[in-house]
Amino acid sequence: MYVPGDDTKKINKAVGLDVDFIALDCEDGVAINRKDDARKTIRQFLDELRPKSIKGDLGVRVNSIDTGLCGDDLTSCLSSKNIPDTILLPKVESTEELNWFADKTDSLLKNDQKINLIVYIETALAFVNLTHICQHAVELSNNKRFIAAGLVFGSDDFCASIGASRTEDCSEVSYARQKLVLTAKAFNLQAIDMVYIKYKGNGEKRSKSNKLA
């Protein structure tokens with residue numbers, strides 16, 4: 001479940017729900033003029049408000065490295081009293097971005113602290129480099145402060161990247177979804193499918209999930 005990082009009311013409501021993962025969002029769920037508010041709200045939550053009864057894992061989706069905002073996002077949440085279980089890193093296209101992330105987390109985390117890393121694959125270039133990205137992430141996990149945990153398919157940005165129009169049956173992303181699953185499993189990473197936004201009613205959602213499975 002994604003929750004806007006600048007909305008304390010929604011964060012407090014989300015942590016009481018029976019979900020397996022909560023992602024506090026600094027990226028797409030937060031307007032550009034609210035990014036600093038999101039950092040401060042998430043930091044306060046991690047420092048003071050995080051209840052011990054959260055049933056699932058807690059992550060923070062930071063802004064992509066190319067925006068220039070990621071460094072501040074990481075500094076804020078990884079220097080907090082309670083660090084998140086996972087960092088979700090959007091729009092990764094190259095191994096160089098993983099090197100940057102590894103150096104940044106090395107400088108921020110203390111003692112034996114480690115975090116999980118989930119990488120978003122959202123562009124044509126990312127899919128061209130997907131094997132290298134996965135291999136490098138796993139290799140870095142051996143001596144850096146993060147554990148490569150999974151991949152997320154960012155379908156909307158991917159379609160924008162290749163100039164595709166969205167359809168009801170999602171046929172335009174079938175190849176990309178299959179490639180992400182195959183590559184993730186080759187490196188023992190979790191494959192996480194695209195977001196399904198029609199959250200009311202389970203019929204169509206169940207049908208699409210069964211089709212992918």
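Including glycine, each Cβ sits where the backbone N, Cα and C put it.
A TrEMBL annotation is a machine prediction, not a hand-curated record.
The domain 'HpcH/HpaI aldolase/citrate lyase' feature in TrEMBL is assigned to 1-209. Residues or ranges marked as substrate binding site by TrEMBL: Arg61, Glu122. Per TrEMBL, the feature Mg(2+) binding site maps to Glu122, Asp157.
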Entry from the binding-site residues list Glu122, Asp157 having the most other CB atoms no farther than 10 A: Glu122
Distance, Asp157 (Mg(2+) binding site) to Arg61 (substrate binding site) (CA atoms, angstrom): 16
Integer Cα-Cα distance in angstrom, Glu122 (substrate binding site) to Asp157 (Mg(2+) binding site): 5
Number of Cβ atoms other than its own within 10 Å, given for Arg61 (substrate binding site): 26
